[in-house]
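K.L.:
One structure, pasted below without further comment.
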Amino acid sequence: MIITIFGPPGSGKGTQSSLLIAKYNLKLISVGDLLRNIISSSSELGKKIKGTVESGNLIQDEIICGLLRDQLALVDDNCLLDGFPRNLNQAHFLTQVLQEKYNRDVDIVVELQLDDNIAIDRLKNRLACLDCKNIYSVSSFKSTTCAKCKSTRLEKRIDDADMSAINKRISEYHLQMKGLREYYKGKLLTIDANLSVDEVTQEIESKISCNLV
C-alpha cells in the first residue's frame, strides 16, 4: 500500500504519519525531515534550503523530486509519503516514478483540512524535539525534556519563527491544493484536522478501511 498525506502547516501530518506507519507497517518518507536534516548539515545545499524555508518560499521541485527519488529507491511499495507531493508538477513526477519502479500509483491520498486561524495558533506555539521529531505546544508543555525520548533538544522550527513566512506557506498551500484535489479525485480522503489527535486518527483509519474494502 502506498499512502501520501498532506495538509497545511500545523495540520499534524508528522503526528498522523507516525501513527499510520505503525498501524499499517509502512516505511516513512518525510520530505520535511529530509530537508531539516540537510539544513542541519550546514552544507551549501543546506544553507540554500534554509534561506528558502525561512522566507516561507517553497523548495524548488528539482531538489524535492531528487530527494524523493533517492528515498524511494530504498523502500518497497509499502510506504507513506509525508508532505509530498506539494503541487501538481510533483504529483506527475510521483506517478511517473511509481509506475517505473512498481508499475502502480498512489493508492490512498489523505488530506488534513485545518482552519487557517487554528493552523497559525499551532505554528506559533509549536515545539519540536530535534531527535525523535515529537511535537509539543509551548502553551501546554512546560518541560525542557522530551516526554518520548528524554532529549533536551527542544526547539521551534526555523520555518515557524516568522509570521509573514507562516502566512505565505498557508496561502501557497491553498493555491497548490486545487490542482492536487482534482488530480487525486477518487483516491482522496478528506479529514477534519481541527479535531483532537485521537479523533483525527480514528477518522483516517475508518476511511482507509472503507477504501480498502
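A Cβ is built for glycine as well, from the same backbone N, Cα and C atoms used for every other residue.
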K.L.:
Which candidate from Leu195, Leu212 does Swiss-Prot annotate alongside Gly10, Ser11, Gly12, Lys13, Gly14, Thr15, Arg126, Ile135, Tyr136 at the ATP binding site?
P.N.:
Leu195
K.L.:
Name the residue, out of Arg36, Arg122, that Swiss-Prot lists for the same AMP site as Asn57, Leu58, Ile59, Gly83, Phe84, Pro85, Arg86, Gln90, Arg157, Arg169, please.
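P.N.:
The record-listed residue among the candidates is Arg36.
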K.L.:
Considering the binding-site residues Gly10, Gly12, Gly14, Gly83, Pro85, which residue's Cβ sits among the greatest number of other Cβ atoms within 10 Å?
P.N.:
Pro85
K.L.:
Treating G and I as helix alongside H, and B as strand alongside E, what does DSSP give for the region 'NMP' (30-59) in helix, strand and coil?
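P.N.:
Taking the region 'NMP' (30-59) as a whole: 21 helix, 1 strand, 8 coil.
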K.L.:
Check the Cα distances from Gly83 (AMP binding site) to each of the binding-site residues Gly14, Tyr136, Cys146, Cys149 and keep only the ones within 10 Å.
P.N.:
Gly14
K.L.:
Hey, what's the widest CA-to-CA gap across Arg36, Asn57, Leu58, Ile59, Gly83, Phe84, Pro85, Arg86, Gln90, Arg157, Arg169, the AMP contacts in the record, in Å?
P.N.:
24
K.L.:
Among Gly10, Ser11, Gly12, Lys13, Gly14, Thr15, Arg126, Ile135, Tyr136, Leu195, listed as contacts of ATP, what is the widest Cα spread in Å, to the nearest whole number?
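P.N.:
Among the residues the record ties to ATP, max Cα distance equals 17 Å.
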